[in-house]
Amino acid sequence: MRFTKMHALGNNYIYVSTAETQLPSLDLAELARRVSDVRRGIGSDGLIVIQPSDVADVGMRIWNSDGSEAESCGNGLRCVAKYAYEHGLVDTGVFSIETKAGVVEARVHMDRHGRVPLVTIDMGQASFGSSVVPYTGVHRGDDVAVDIDGVPVWGTLVSVGNPHFVALVDRVDDEEVLRIGSRIESHPDFPERMNAEFVAVKSSTEIDFRVYERGSGVTYACGTGACASVAALARKGLVGSKVTVHLLGGDLDIELRDDGHILMTGEAVTVCEGDYFV
Ligand SMILES: N[C@@H](CCC[C@H](N)C(=O)O)C(=O)O
């Protein structure tokens, strides 16, 4: 199976394009677990399949490293856009990509060699609260508290296609992200599990961000998480409409348009290509 390894701010996936190679007969959840394994596989946060779409210019599906399928992936969308443009799957710089969560618009930014170092994705609008994010706890509304060893941890429920719990903290702390994030990810109040974000507001234009991702654990970056966090903080009046998000793997620029659409701009990088022996 031909593959391309790509990353965006260190959030790395194995990309397989059905235009280039046949998918192996194993189920794709199992393939995701195998290729993600850093010792016995290639090593990644998951698997992304690039495929034709009936409703958009390109289609994508994403599996986390534990084999669970997600609805969307912000960093993955930017890499899919770069791949699609550079491999001639599309012939314009603005095109649509179908995910399980719907269709988004990608705009590639080219350098003078016709390569794509940077991509903007229009992620659509965020929606908030326990009516849009799978949640079976007792609180209702946008903000809910989950019980971690008798201590309530408050966060905002946000959907940008996939589910997010955005917790506002004074300062991001990597040990706490691992300790509390892992508990939130698999908390019984979240029947479909959860992406847990921890965000600290530095100013109306800058936030610090860490994530414990559903199905992948701590990653260097989460594009959908960054969009969800800025949308949640803006709703509380804590940030403005243009925010630089400082993630473990680098910075993302998020813009909230007047119509509520979230524009995410950041890098997309090809690491290597090769053959994976199934
Ligand atoms: N890293 C991604 C999100 C990947 C999916 C997520 N773990 C989920 O299960 O919803 C991003 O950049 O958005």
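Using the three backbone atoms N, Cα and C, a Cβ is placed for every residue, glycine included.
Annotations in TrEMBL come from automatic prediction, not curation.
Taken residue by residue with DSSP, E213 (substrate binding site) is part of a strand. Residues or ranges marked as substrate binding site in TrEMBL: N11, N64, G74, N75, N162, N195, E213, R214, G223, T224.
Under the heading active site, TrEMBL lists C73. Residue environment of C73 (active site) contains 30 other Cβ atoms, counted within 10 Å of its Cβ in all protein chains.
What TrEMBL lists as active site, proton donor is C73. Under the DSSP three-state reduction, C73 (active site) is assigned to coil, being neither helix nor strand.
The active site, proton acceptor feature in TrEMBL is assigned to C222. The 10 Å shell around the Cβ of C222 (active site, proton acceptor) contains 33 further Cβ atoms across the protein chains shown. C222 (active site, proton acceptor) carries neither a helix nor a strand DSSP state and counts as coil.
Cα-Cα distance from E213 (substrate binding site) to C73 (active site): 11 Å (rounded to the nearest whole number). Pairwise Cα distances among N11, N64, G74, N75, N162, N195, E213, R214, G223, T224, which the record gives as the binders of substrate, peak at 17 Å. Geometry remark: C222 (active site, proton acceptor) versus G74 (substrate binding site), CA distance 7 Å.
Cβ proximity to the substrate site centre (mean Cβ of N11, N64, G74, N75, N162, N195, E213, R214, G223, T224, cutoff 8 Å) flags the following additional same-chain residues: A70, S72, C73, G76, V211, S216, T219, C222, G225.
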